[in-house]
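Visitor: Take this structure, written in structure tokens, and hold onto it; I'll ask about it next.
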Amino acid sequence: MRDYKLVVLGAGGVGKSCLTVQFVQGVYLDTYDPTIEDSYRKTIEIDNKVFDLEILDTAGIAQFTAMRELYIKSGMGFLLVYSVTDRQSLEELMELREQVLRIKDSDRVPMVLIGNKADLINERVISVEEGIEVSSKWGRVPFYETSALLRSNVDEVFVDLVRQIIRNEMESVAVKDARNQSQQFSKIESPSTRLPSSAKQDTKQSNNKQSSKGLYNKSSQGQAKVKQSTPVNEKHKPSHAVPKSGSSNRTGISATSQQKKKKKNASTCTIL
């Protein structure tokens with residue numbers, strides 16, 4: 001079972017205590033008693049999961065402002081309440097929200113905007129459209145109009161806030177897991193191994209030996225190829241190669257002259 005700490009914030013007299021007591025105890029408070037700080041606990045089941053809620057009902061903005069920062073630091077989700085019969089209470093929420101974001105140092109703080117006392121139709125000075133407009137300016141923060149007297153949307157605002165907290169936790173866990181996986185993958189792809197100085201010198205010497213050995217092998221292979229190529233060219237020397245100038249030309253001329261002399265001798269013999 002998870003424990004969530006919720007904080008109810010707003011100006012004095014907007015009905016924060018009535019809203020909280022109606023949710024926790026199912027009772028409507030018909031008398032106004034300025035709250036210094038009240039803490040309530042309630043166990044609730046949401047989406048088949050059980051949660052233990054600690055709800056802190058705080059004083060109005062004008063009272064005990066020094067304690068408000070402690071409330072905000074410890075809170076996990078915030079219900080910002082104004083009264084539809086009091087315009088100033090909505091204006092004070094603007095500053096209060098900025099304070100929450102500054103202390104939490106985040107723009108993604110679980111939060112619900114609540115216009116309470118919606119049952120006082122004749123005393124209303126803030127329309128539903130104005131509440132929706134403020135919600136849009138705040139980044140579409142969930143907006144509800146409630147009535148503690150009629151128990152209208154009372155459970156819904158607390159359930160919505162708890163679901164926001166759950167969603168934020170799941171997203172933060174997913175981001176953390178993705179970051180860890182990327183770090184592990186980078187370690188596998190590019191392992192960083194540092195060698196001592198002596199090992200580095202040994203590796204350099206072995207690399208130099210291998211490189212010189214490779215050059216020697218290449219040169220010896222080249223010489224072997226040259227030695228083999230010489231007899232092959234002589235063996236397969238073409239028959240119609242042009243002879244060199246010199247003695248070979250002379251031998252060719254003497255052979256033809258001897259053939260002519262033989263023919264003359266043969267002819268003279270037949271005449272006799």
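Glycine residues also receive a Cβ, built from the backbone N, Cα and C atoms like all the rest.
Per Swiss-Prot, the features are:
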- 10-17, 57-61, 116-119: GTP binding site (BINDING)
- 180-232: compositional bias 'Polar residues' (COMPBIAS)
- 245-258: compositional bias 'Polar residues' (COMPBIAS)
- C269: S-geranylgeranyl cysteine (LIPID)
- C269: cysteine methyl ester (MOD_RES)
- 177-272: region 'Disordered' (REGION)
- 32-40: motif 'Effector region' (MOTIF)
Visitor: Could you find out if DSSP has G13 (GTP binding site) as helix, strand or coil?
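Guide: Reduced to three states, the DSSP call for G13 (GTP binding site) is coil.
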Visitor: Over all shown protein chains, what is the count of other CB atoms within 10 A of the CB belonging to A118 (GTP binding site)?
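Guide: Other Cβ atoms within 10 Å of A118 (GTP binding site): 22.
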Visitor: Out of these binding-site residues, G10, G13, which one has the fewest other C-beta atoms within 10 Å of its own C-beta?
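Guide: Taking G10, G13 as the binding-site residues, the minimal 10 Å Cβ count falls on G13.
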Visitor: In the three-state scheme derived from DSSP, which category covers T58 (GTP binding site)?
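Guide: Strand, per DSSP.
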Visitor: Mean pLDDT over the motif 'Effector region' (32-40): what is the value?
Guide: 77
Visitor: How many neighbouring Cβ atoms, not counting its own, are there within 10 Å of the Cβ of T58 (GTP binding site)?
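Guide: By my count, 25.
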Visitor: Around K16 (GTP binding site), how many other CB atoms lie within 10 A of its CB?
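Guide: Its Cβ shell of radius 10 Å holds 26 other Cβ atoms.
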